[in-house]
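These notes are about the structure you will find just below.
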Amino acid sequence: MSSEHSTHSRNPRSFPYELRTFPSRLAEGKVPEEVAAWQQAVSLGFHGDATSAEEAAKYVASEEVDGRMCTGAYLKDSAAPAGAWGIEYPVATYAYHRKGLNVGAGTLLPVHQITAVTVRPSHRRRGLLRAMMGSDLAQAKAAGIPIAALTASEATIYGRFGFGVATHACDIEVTVKGGLEFIVPAAASQGVVEIADPTVVRDLHDGIFARVHGASYGSIGRHDMYRLSSSGQGNYGALDPVKNIRAALHYDAEGAVDGYVTYKPVQDSGRSAVEIVDLLAATDAAYLALWNFLGSLDLIDVVKWGMAPVVDPLEWAMAAKRLYKRTGTEDHLWLRILDTPGALAAREYAVDGQVAIHVGDPLGHASGIFRIEIVHGKATVTRCPEDGSVTAGLSMGVSELSSLYLGGVSARTLQAAGRIREEEAGAVADFDSLFAASVSPHCLTSF
Ligand SMILES: CC(=O)SCCNC(=O)CCNC(=O)[C@H](O)C(C)(C)COP(=O)(O)OP(=O)(O)OC[C@H]1O[C@@H](n2cnc3c(N)ncnc32)[C@H](O)[C@@H]1OP(=O)(O)O
C-alpha cells in the first residue's frame with residue numbers, strides 16, 4: 001500500500017477518526033460510493049446544494065484529469081440511525097492535485113495544490129484540519145515536492161501551518177463610458193479582436209493558458225474545471241451553461257488566437273457594468289487589445305475584474321489614469337515551502353550575491369540555517385551546521401520565507417511588520433537585492 005493510500009490510526013479517545021486517501025476517479029463509468037459521499041461532504045462544508053449523481057459524475061470525470069487525491073476523515077463508529085450521515089460519510093474533507101508554479105526563467109516547479117478543505121460543523125475545532133494538514137504535508141515532502149500552495153477561504157487559517165501570502169489579486173473598476181483612451185493607441189490596437197461563441201473558449205482554454213502560464217511569473221497550473229468555468233459552460237455547484245456569458249478572442253498578426261476575454265453584464269448600483277469572467281492574454285499586445293475591445297462596448301459604464309495584477313500595465317497605458325480604480329486587494333496565492341534548498345535553488349535571481357538565513361518551521365520540513373549563493377542568476381543553497389559555527393544574517397519563519405519567495409513582498413517590509421529579524425547589519429538589504437522580482441508575481445488561478 002503506498003503512503004498516499006494509507007490509513008492512519010490514532011488514540012481513539014483523543015482522535016476518534018481515521019483518515020483515508022483515495023483518487024477521485026470513475027470506476028466503470030460510475031462514481032464510487034466513497035467518492036460520492038466525499039463530494040456530498042464537500043458541498044455541505046461550503047454550504048452548497050446537495051450534489052446530484054449526474055453532477056458528481058461530471059466533477060469526478062474532471063478531477064480524474066487532474067489526478068486529484070481526496071482525503072476523508074471518518075468516524076470509527078457512530079450511533080447514527082440508518083439514513084443519517086454515519087461512518088460512510090467523512091466528517092472532514094481535503095484534496096490535492098499537483099501541477100506547476102512559474103518561478104521564473106521558464107521553470108515550472110512541481111507544486112502540491114491543496115483544495116476542498118472542510119470540516120463538518122459538528123466536528124470543528126477538534127484538530128481535524130491540523131491532522132489532515134500535518135499528514136498531507138509530510139507525504140508531499142516525502143514525495144519530493146518542494147512547495148505546497150492553496151487559495152484560502154479566510155486569511156486567518158493557514159499561517160499557522162507555515163503558509164504565507166505570495167501573490168495578491170485586485171478588484172478593479174475601469175470606467176469605459178465614451179471609450180478607453182490609450183497613451184500609445186498603436187500599442188492597444190495590434191491584431192484583431194472578434195466575438196466568438198463561449199464554447200470555443202472551452203476548447204481553446206488549455207492551449208492559451210499553457211502559454212500564459214509559461215510566461216507569467218507566479219502563475220500556478222489550472223485544474224480541468226477551468227475550461228468550463230472560464231467559458232460559462234459550468235462549474236462546481238452549477239453545471240448548466242450560463243446563458244449571459246459572452247466571449248471575444250484576440251488574433252495575432254498571423255491570425256492565431258493568443259488571448260480571450262469572457263464577460264457578462266451585471267447591474268451595479270444603477271450603473272451598467274460588465275464583469276470579466278476570465279481574461280487570458282499570452283502577449284502584452286493581446287492584453288491591451290482585449291481591454292481596448294472592452295472599452296468599446298456601447299451602453300456600458302464600467303468594466304469590473306476581480307483578478308487584476310497588483311501592478312497592472314493597463315493602468316499605465318490609459319490616458320485617464322483616474323478612470324482605473326482599485327476597489328480592493330486581497331491575498332490570493334499562499335505558498336508553503338517544504339524543501340528549502342530545493343525551492344530556493346529553482347527560483348530565478350536577477351543579481352549575484354549571497355546571504356545566510358535561519359528558517360524556523362514548527363513542522364520541521366523547511367527549518368535550518370541555509371547559505372544562499374547566487375552566481376550567474378543560479379542559486380546554490382547549502383544547509384549549514386547549527387552548532388554556532390555559522391551565523392545567519394536573517395531569522396524568519398517558513399511562512400515569512402514563503403511570502404518572500406516570489407518577491408511579492410520585501411524583507412524590509414516584513415522586518416517593519418515585526419515578522420523577521422536582522423541578525424547582521426545589512427542582511428535585509430542583501431536579501432532584498434537578491435530576491436527582488438522585476439515583475440510583480442501574479443496568479444490567475446484559484447483552486
Ligand atoms: C484550501 C481550502 O480549501 S480553503 C477552505 C477552508 N474551508 C472552509 O472555509 C469551510 C468552513 N470551515 C471549516 O470547514 C473549518 O472551520 C476549517 C477547515 C477552516 C477548520 O477546521 P477545524 O478542524 O475546525 O480546524 P482545527 O481544529 O484543526 O484547528 C487548527 C487550528 O486552526 C485554527 N482555526 C481553524 N479554523 C479557523 C478559522 N476559520 N479562523 C481562524 N483560525 C482557525 C484553530 O483555532 C486551531 O488553532 P490552534 O491549533 O493554533 O489552536
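Every residue, even glycine, has its Cβ placed from backbone N, Cα and C.
What TrEMBL says about a protein is an automatic prediction, not a curated fact.
In sequence order, Leu150, Ala152, Trp334, Arg336 are the residues near Tyr158 (active site, proton donor), counting only same-chain partners six or more apart with C-beta under 8 A. The secondary structure of Tyr158 (active site, proton donor), as reduced to three states from DSSP, is coil rather than helix or strand. As annotated by TrEMBL, active site, proton donor applies to Tyr158.
If you look up TrEMBL, you'll see Phe447 marked as active site, proton acceptor. Under 8 Å, Cβ to Cβ, and six or more positions away along its own chain, Phe447 (active site, proton acceptor) finds His97, Gln113, Thr115, Leu150, Thr151, Ile220, Arg222, His223.
For Val117, Thr118, Val119, Arg125, Arg126, Gly127, Leu128, Leu129, Arg130, Ser153, Glu154, the entry in TrEMBL reads acetyl-CoA binding site. Val117 (acetyl-CoA binding site) falls within a strand segment according to DSSP.
Per TrEMBL, the feature domain 'Eis-like acetyltransferase' maps to 245-326.
If you look up TrEMBL, you'll see 341-443 marked as domain 'Enhanced intracellular survival protein'.
Its Cβ taken as reference, Val117 (acetyl-CoA binding site) is surrounded by 24 other Cβ atoms within 10 Å in the chains shown.
Summed and averaged per residue, pLDDT over the domain 'Eis-like acetyltransferase' (245-326) gives 97. Its Cβ taken as reference, Arg126 (acetyl-CoA binding site) is surrounded by 17 other Cβ atoms within 10 Å in the chains shown. Shown for the domain 'Eis-like acetyltransferase' (245-326): DSSP residue counts in helix, strand and coil, namely 20 helix, 40 strand, 22 coil. Sequence-distant neighbours of Glu154 (acetyl-CoA binding site) (same chain, 6+ residues apart, CB-CB distance under 8 A): none.
All chains included, 12 other C-beta atoms sit within 10 angstroms of the C-beta of Arg130 (acetyl-CoA binding site). Checking the recorded positions Arg130, Glu154, Tyr158 against ligand 1 with a 6 Å cutoff on the Cβ atom leaves Arg130, Glu154, in sequence order.
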